[in-house]
Amino acid sequence: MSIEEIFHQYLDSKVFRDREKLLPDYVPEELPHRDEQIVTLAKVLAPALTGSRPSNVFIYGLTGTGKTAVTKYVLRKIREKAQHKVDYVYINCRQNNTSYRVLAELAKHLGVKVPFTGLALGEVMKRLVQGLERHRGIIVVVLDEVDNLVKRNGDDVLYFLTRVNEELTSSKVSVIGITNDLKFTEFLDARVKSSLGEEELVFPPYNAVQLEDILRRRAREALKDGVVDDEVLKKVAAIAARQNGDCRLALDILLKAADIADREGADKITQVHVDKARNEIEKNLAVDIIKTMPLHVKLVLASIYLLSRDNSSRMITTGLIYDKYKELASKLGMEPVTSRRISDIINELDIVGIINARVISLGRYGRTKVVSIGVPLKNVEEGLASDSILKTLFGIG
DNA sequence: CATCCACCGGAACGCCGGGTTT
DNA sequence: AAACCCGGCGTTCCGGTGGATG
């Protein structure tokens, strides 16, 4: 296909009206099924309109429950309403995962100059105080995925942000912390915990019906009319509902399915496209997990892979795996780990969903774990084959 | 019904690499 | 540079166990 053709096909899409509306960071005009959270958050933040400092808020919820979208949504509204007297800064702590970067990000927003490295943290804080003071108004600092920051760097930034008001006269700062780790507060200093947790907000997962509704609305914005049927949306919703009601996943599947349909030049998104999309997403997930596993874990997985490929009749048990594993290890000329460790590795693989393991009893012949591979063999193959050592030695892939 | 297999899985500990503090 | 802390991997030791089998 020539470049011209590619461009032409893209411009001439039969599927998309506005593809951007399906991207993960798009915040729609309406957020259905989050009314309660919107109202609560709005109530908490409303005092900002009259110039008093809103309480700090802590927001919990699993991935894809609308935490970020709702927060941005409410803050945008309030900023419009208050014209310049209220502002907010959104900082994602996964991307900015050190104290310094978070503070620098905040500084940038306030127009304070800080070098991207080199200053002592205390100096950055000093400049920030000045910057905040100059701002003259209320500033809401949103720290998304804040658990990433705290687990890595401690809570000194949070401490600073919750205490900085004492040094300010013409400005006020509130903090919104967002996390999907429910037991995250354990990592916090008691003082930070109490000042940050002035208000708490929990986002429950969406159910299948709600997901379908969201998908339908989004499809109207992003796709051309009649491109996707209710049946198809229902299917996507059902899949995501099973994954803890993860709306991001639902939208992701829909986007992928639309992309696939578009590439095929189809004018409708079908169940087949959805299946392909899901496979692709799952495959990427599995392959990524496998790629990043430590060598011995890979070896164990390779053993399971070989066993399930070669003798399909036999049950795959821990003992069998261990024997195979030792064989592979010796071929590589490396010391095998103990069977005890293998037991743990099998459990680890089970937890991430690459394999399924369950203990059974064979009476006289003992008690063991029966293992089967839980993702398509091809994916395992692809993940393992990315390791040059395994690839050359066992001819996988 | 007791036995006994082939593992399970908890506990405690050592080692190692890295990051931080002094 | 030295001391220190931390988390992950791995080991040793070992008590525990479901149920087919004799």
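In case you wondered, yes, glycine gets a Cβ from its N, Cα and C as well.
Because TrEMBL annotations are produced automatically, they should be read as predictions rather than curated entries.
According to TrEMBL, the domain 'AAA+ ATPase' annotation covers A:53-207. Mean pLDDT for the domain 'AAA+ ATPase' (A:53-207) in this predicted model: 85.
Look at TrEMBL and you will find A:Thr65, A:Gly66, A:Lys67, A:Thr68, A:Ala69, A:Tyr206, A:Arg218 tagged as ATP binding site. Listed in sequence order, A:Lys21, A:Leu22, A:Pro28, A:Leu251, A:Leu254 are the same-chain residues six or more apart from A:Arg218 (ATP binding site) with CB atoms under 8 A from its CB.
The domain 'Cdc6 C-terminal' feature in TrEMBL is assigned to A:301-384.
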*According to DSSP, folded down to helix, strand and coil, what is A:Arg218 (ATP binding site)?*
helix
*Which ones in the same chain are close to A:Thr68 (ATP binding site), with CB under 8 Å and 6+ residues apart in sequence?*
A:Asp144, A:Ile178
*State, in Å as a whole number, the widest CA to CA span among the ATP-binding residues A:Thr65, A:Gly66, A:Lys67, A:Thr68, A:Ala69, A:Tyr206, A:Arg218 given in the record.*
18
